[in-house]
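Below: one structure, written as structure tokens.
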Amino acid sequence: MELPSWIRVKAGDYGRIVAVREAVFAAGVHTICEEAHCPNIFSCWGEGTATFLILGDVCTRACKFCAVKTGDPRGFVDPTEPARVAEAVAKLGLRYVVITSVDRDDLPDGGASQFASVVKAVKARAPWAKVEVLTPDFGGSAEAVASVVEAGPDVYAHNLETVRRLTPLVRDRRASYDVSLRVLKMAKELGAVTKSGLMVGLGETFDEVLEALSDLRRVDVDIVTIGQYLKPRGHKRFLEVQRWVPPEEFEKYREAAEAMGFKAVVAGPLVRSSYKAHEAYLEMLRKTIGR
């Protein structure tokens, strides 16, 4: 399908882009910005923000929307990774950091302990930085979710990704709509600020998106993002875009989500779960405690 006129990526500050790339390379860490071919990479890097990808760059799952490599990481976890991520954050002086990972079904805790270690390392090395984690589902393990929350992230995010009907088509067979809701519910019950994201343009209806938003509010999610699905390049498993959702429809989703009680909503054609993450966090704070 031909790209519509509203799908346009803005360039960022070239100097900041180079600085982020150099710091990431020097630290030997991965970013989801590069691994997932995010359309906002130059905009975000130009603003001096980045989403770090931990636990390697090989995912044990094969969702049909994601460009990250799939395979068997063979249980490897790099013990130096927390310190290296923290050093990159400190070197860049980032005020808001997003930490995400590949799925690691090969690990007993799904990688939760590494998330906790990275959060603690960043907080120790860059105490000024707010930290958002974007975790996999950890197989629905309450213990894994608790270990990450207890590390003290400022936001706990886990993406629902799509509507209930399309979940078996869009996500890996080991993923579950209800398990994702349960993960978010567990994090909220432990006192975390919670966040989730949805993609549209995969064949869902408007009412199905509203139903998914309602399901997220039922587990008291604070922040939600809604963006257009863009097919990654290079692999036949990736789903085709079924529809280009116009900007005015995203505005309707935003209005509906705000009416449901979400404290911050980021919706638009190029929105991804980590896009404008700092702004969404600040908006959530303003609505929660009047800051």
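Each Cβ is built from the backbone N, Cα and C atoms, and glycine gets one as well.
Listed in Swiss-Prot:
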type    : residues            : note
BINDING : C33, C38, C44, S274 : [4Fe-4S] cluster 1 binding site
BINDING : C59, C63, C66       : [4Fe-4S] cluster 2 binding site
DOMAIN  : 45-263              : domain 'Radical SAM core'
Relative to the Cβ position of S274 ([4Fe-4S] cluster 1 binding site), how many further Cβ atoms are located within 10 Å?
28
Neighbour tally for C66 ([4Fe-4S] cluster 2 binding site), based on other Cβ positions within 10 Å of its Cβ:
24
When you average the Cβ positions of C59, C63, C66 for the [4Fe-4S] cluster 2 site, which other residues in that chain have a Cβ within 8 Å of that mean position?
R61, A62, F65, A67, V68, T70, V102, D103, D172
